[in-house]
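Chemist: Questions regarding the structure given below will be posed in turn.
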Amino acid sequence: MKFTLISSCVTLALMTLSIEAAPSGKKVNIPLTKNKDYKPNAKNAIQKAIAKYHRHRSVSSSNSTSTDGIGYVPVTDYYNDIEYYGEVTVGTPGVTLKLDFDTGSSDLWFASSLCTNCGSSQTKYNPNESSTYARDGRTWSISYGDGSSASGILGTDTVILGGLTIRHQTIELARREASQFQSGPSDGLLGLGFDSITTVRGVKTPVDNLISQGLISNPVFGVYLGKESNGGGGEYIFGGYDSSKFKGSLTTIPVDNSNGWYGITVRGTSIGGSRVSSSFDAILDTGTSLLVLPNDVASSVAEAYGASDNYDGTFSISCDTSSFEPLVFTIGSSTFEVPADSLVYEQDGYSCIAGFGYGDYDFAIFGDVFLKNNYVVFNPEVPHVQIAPIA
């Protein structure tokens, strides 16, 4: 699959305030916090990413109210930057759920009291206890290529995202979920992709409603994923971005959203000044842990770092990365790095697994290994992203 990118350039005025927003100042911040209990598994992360995009390729067709219109949501950093979640409040009175914020999908679903097999540690939303809940009558079901799945019913309710109150948001209440979801530290998923890939067609995403209900006046959200070496955590800012979190100016990149994703073109890859790949397409996906590359690109990168193929989508790599040059991608008119300290994803004794791997596609998935080193502002209304190295 190849993306056909928008040919016209999108030009945005860059402002210098610490927290940037539209003139009316409406935005919401969601901070990220840290969870040290999660353990990484590179093979599972690769399989999850492959299964996720296999599914979409097969498809046709705080509780207080924010007054300034800025949504700030902190997110928790699972063990060593593996995955991140933010807290969202649903219902009246509200129940706080830990959700995986995912730019690679578009559904808002979570464990509910109707679920017959949801994880015992998951917080479960009870529609019978919310005065603002309304039944929808439709059902939903998600099946992934690795055999995992979830299903349930649709409804609507009030959703508070970083202090901004979304009315009549469509929610997906899980009645059943596979064991892969039961054992995770999150209660569900909040999709930040485009509405063309919602499981039930015609459903408005939370970002759609933030814009249409006038809760944010600047149709963007800024993503900062903290690194464990800097204390972990991170934040999502809906309606703006935090210019203190990145260095220099933002580079504007056109997006191809024809498949419902934030698709960009990577012009090339280099290591230590030597070019190791030509151009390829990539998806910016906060819901994927690793940097998943096309097979040929991954092989060239692995060779440059002396990594060996494990033939399961992962590479074994030296645990001592002190002599490694950064992995550099040319995107638009700028270059963006994955530094040496991010090239190791998983360590087990003296053996290490690389933060990059490969899938079965001719495009890349730029997951958290890339995103925790580069600040990204997503604009779904005039589809483009803006990227800058983290400060």
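First residue shown is number 1, and so on along the chain.
Including glycine, each Cβ sits where the backbone N, Cα and C put it.
For 1-21, the entry in Swiss-Prot reads signal peptide, with the evidence type sequence analysis. Look at Swiss-Prot and you will find 84-388 tagged as domain 'Peptidase A1', backed by sequence analysis. Residues or ranges marked as active site by Swiss-Prot on the basis of sequence analysis: Asp102, Asp285. Feature annotation from Swiss-Prot assigns disulfide bond to Cys115-Cys118, Cys319-Cys352.
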Chemist: In Å, rounded, how far does the Cα of Asp285 (active site) sit from the Cα of Cys352 (disulfide bond)?
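Modeler: Rounded to a whole number, the Cα-Cα distance is 24 Å.
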Chemist: Going by DSSP, give the three-state secondary structure for Cys352 (disulfide bond).
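Modeler: In three-state terms, Cys352 (disulfide bond) counts as strand.
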Chemist: Could you check the active-site residues Asp102, Asp285 and say which one's CB has the most other CB atoms within 10 Å?
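Modeler: That would be Asp285, with the most Cβ atoms nearby.
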Chemist: Name, in the order they occur in the sequence, the residues of the same chain whose CB lies under 8 A from the CB of Cys118 (disulfide bond) and which sit 6 or more residues away.
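Modeler: Same-chain residues close to Cys118 (disulfide bond) (Cβ under 8 Å, separated by 6 or more) are Ala111, Ser112, Lys124, Ala174, Glu177, Phe181, Gln182.
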Chemist: Please determine which of the disulfide-bonded residues listed here (Cys115, Cys319, Cys352) has the lowest count of neighbouring CB atoms within 10 Å.
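Modeler: Among the disulfide-bonded residues Cys115, Cys319, Cys352, the lowest count of other Cβ atoms within 10 Å belongs to Cys319.
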Chemist: With DSSP assignments reduced to helix, strand and coil, which class does Asp102 (active site) get?
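Modeler: For Asp102 (active site) - judged by DSSP and reduced to three states - the answer is strand.
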Chemist: Can you tell me how far the Cα of Cys319 (disulfide bond) sits from the Cα of Asp102 (active site), in Å?
Modeler: 29
Chemist: Taking every residue in the domain 'Peptidase A1' (84-388), what is their average pLDDT?
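Modeler: That stretch averages a pLDDT of 94.
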